[in-house]
Amino acid sequence: MKFRPLVVSAAVVAAASLALTGCSGSAAGSGSGSAPTTLTLGVLQNINSFDPAQAHLGHQMQIYQAAYDTLILRESDGTLSPMLATEWKYNDDNTVLTVDLRDDVTFTDGATFDAKAAKANLDHFTEANGPDANQGQSIESVDVVDDDTIDINLSEPDPAMLYYLSQAAGFMGSPDAIGTDGVKTDPVGSGPYVLDKEASVNGSQFTFTKNDDYWNPDLQKYDKVVFKVLTDVTARVNAVVSGQVDATLLDPKTSKQADKKGLKKTSYPVDWQGFLLFDRGGEIAPQLKDVRVRKAINYAFDRQTMLDEALLGEGEITSQVFGKTTDAYIPELDDAYTYDPEKAKDLLAEAGYPDGFTLKMPMPDGTETFMAMAKQQLADVGITVEYSSATFADYVPNIIQGKYSVAWFSIFQGEPWVAIRQMISTDAAYNPFKTTDDEIAGYIDAVHFGGYKSGELAKKVNQYVVDNAWFAPWYRVNQLYYSDDSKVTVEPQIQQAVPNLYNYAPVS
Amino acid sequence: MLTFIIKRIVSGITVLIAISCATFFLLYYSGSNIARNILGEYATPDQIVAKEHELGLDRPIIVQFGEWATRAVSGNLGISWFTSQGVAESLLTRLPVTLTLLIVAIICIATFATVIGIAAAVKRGWIDRVVQVGAVLGEAIPSFVLGIIFVTIFAINLGWFPATSSIQPGSTGSAWVLSLALPAIALVVNGLTSTAQQIRSAVIAQLEKDYVRTLRSRGIPETIVLFKHVLRSAAPAGLTVLSLHFIGMLGGVVIIEQIFALPGMGALAVQSTVLGDTPLVMGVVIYTVIIVIIVNLLVDLANGWLNPKVRVS
């Protein structure tokens, strides 16, 4: 035997690799993809925990929706329909919400869904310190009225409460499972699908199979639903173009490949992008105290050119922060600040900065293109921008802690009260300097206590923040959702980057 | 030989401890706002404090490290902060993917590089020139660039292979083969030519030695001279390059796994580092260091086996 050592070591290595392949390949043994209808979605984010109280909005929603039902169902156009709750009603001062519940629903571990279970979930949600815990902030207590009725007592009216009950706050898990360690990796809900743990790898793929005892088969259109976690946009475009996933979210730069392949594109604006002029009191950047300076910044941007260059035109220019699909939207405000560098210079001169000034700003990774454009345009009117690099991991925390006077951001355009609590009210994360005055406080109060009229009342808030140039929005960004329409029909979901799981159906 | 192995193991453990400490402290001082990242942008300061307390982040770093190390020594690597899954469990589902990929790639590199390297050394001429040029090109083109090219051509345009991994627990053997083919080839191309070049040089160096002339003068057939004597003496150089490639590929798979969405250690390393998921990052680091130590030990043993002179030194 010539080469004994080499041959033997090669054989050992080969055997080892085969053994590794073999054991992982056969360990689960559940076989692959023979089910008649399977929906495979490429999702952007992994989930932290399957405990419903740790659920997060946005990209993670549809994974939770596979396992859990919400009290209220939010239709694709934003209207709220019964789900686990059949009816709901506020008392006269909007502080007690009485909710009637279904009495024919069972969780996958056999526990019954009733008023006690609903109370247990809402209590757990308010105590569990989850990412969307703020949705339960106004819930003071929950009373069991009878077997299928609860009273949700609010510390103060919350115009977004019903919306929240269609989101993270509304997910109902088995009362025996919520709060345990087990539920973090193995969801126990009453939802349309059940997690197949054997066929799932956390951070890579979650496989769900049909819940045979589901109470509402209308919402259960597939035998199997697979979520592939593809955080990398290149991997997502490859997966959808090659047919490995049926639908996924792309961005303007990568989507051309999907267009060429003839995939169906659904695009609608969800976020707005631009600068948030946080320091309206002039604590870090004294110049920003003057509304004329903030207006000058607004007039300095050639929004259409930026949109065309940075996002290949996938969006709509705007000067307001409230979304088109909300009651707070005022069409005229979209061009409240049209590109006018001369006017910007005049305003700066009036404010006492004829030679401009220097503005320090963070620049997170990946935003270089449009940040360079913004810098150029501000320089054209005399404002010198000095960028410091920032990582996304620290970016939001630094914003919230008030370390930046101005920062770029991409913000979700939600329901008016959600948007106000996100960036305008004094407890808003994106109002780190807690800017306020009697006028805006009055408008916010009107929305807060406005009951069913609150959406309409938010127009005043919108007008105020545009007039006072609290922000310098550039455009609403189109979310580009691609699907293979020979396999799946997808209905877009208003104000959501990714549709609800209920919006997908197989092509028959 | 036993002392040799014990020495290597002791130095391996020292490296492991040093790297664990360094990683833990670097993660701590990188200043990531873990609690804020877990809870998201709407979390109130109270929520953040509660979360930090829950994770034990409000204690001095020495205490945190001590606790982690004590548990790690007993084999408990803790629970991921971002997936709520056991660290060991996460790693064990992902290790087979990465190891299979690496082992397949290294076997291919070893086999083809030996054949090509010997051919170039013995025949010289055009094969030799191709190997020389190839070595430069192969080193210059990173494996992830090849990966992207392969995906575009063979997965998307031709549709021969899946564009992203179809490896999952329960998937069949063919899913593994198809999913691993492109990333493995990308890794092989990158390492093949330079390894072949090393083997070529080593073989040429041996062919010029006196003992070869002696063997030939005694009328020993050329194949026996080449394969029994020359290759055995030249193998240590090749093995060392291979082990370096293996360790280098441990870094290369980080990007390759991202491109192909393979559920391996590399992808896990990226995800957990970006998030600042300390327990998971520590787990990945420890497993990786252990792999490197084992590979180095195996290469040393193989070299000693091939060439008794190494054992003495």
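For all residues, glycine too, the Cβ spot is worked out from N, Cα and C.
Caution: TrEMBL annotation is automatic and unverified by curators.
Here TrEMBL flags B:95-299 as domain 'ABC transmembrane type-1'.
Annotation source TrEMBL lists transmembrane segment at B:9-29 (among others). With a threshold of 8 Å between CB atoms, the same-chain residues lying at least 6 positions outside the transmembrane segment (B:9-29) that come near it are 61, 64-65, 68-69, 72, 276, 278, 281-282, 285-286, 289-290, 293, 296-297.
Here TrEMBL flags B:99-122 (among others) as transmembrane segment. Remote same-chain residues near the transmembrane segment (B:99-122) are listed as 128, 130-131, 176, 180, 183-184, 187-188, 191-193, 195-204, 207, 226, 231, 238, 242, 245-246, 249-250, 253, 256, 262, 264, 291 (criterion: CB distance under 8 Å, separation of at least six residues from the stretch ends).
Sequence annotations record features per position, and here TrEMBL assigns transmembrane segment to B:134-161 (among others).
What TrEMBL records for B:173-192 (among others) is transmembrane segment.
Marked as transmembrane segment by TrEMBL: B:237-260 (among others). Outside the transmembrane segment (B:237-260), and at least 6 residues removed from its termini, the chain residues within Cβ reach (under 8 Å) are 97-98, 101-102, 105-106, 109-110, 113-114, 117, 142-144, 147-148, 151, 163-165, 179, 182-183, 186-187, 190-191, 194-195, 198-199, 201-202, 266-267, 269-270, 288, 291-292, 295-296, 298-299, 302-303, 306.
Per TrEMBL, transmembrane segment is recorded for B:280-299 (among others). The list of residues near the transmembrane segment (B:280-299) in space but at least 6 beyond its ends in sequence, with Cβ under 8 angstroms from a Cβ of it, reads 5, 8-9, 12, 15-16, 19-20, 23-24, 27, 68, 72, 77-78, 80-83, 87-88, 90-91, 95, 99, 239-240, 242-243, 246-247, 250, 265, 268-269, 272-273.
Residues 178-179, 181-183, 185-187, 189-194, 196-197, 249, 252, 255-256, 259-260 of the same chain, all 6+ positions outside the transmembrane segment (B:134-161), place their C-beta atoms under 8 angstroms from a C-beta of that stretch.
Residues 100-102, 104-106, 108-109, 112-113, 116, 138-139, 141-144, 146-147, 150-151, 154-155, 161-162, 165-167, 245, 248-249, 252-253, 256-257, 259-260, 262 of the same chain sit 6 or more residues outside the transmembrane segment (B:173-192) yet have a Cβ under 8 Å from a Cβ within it.
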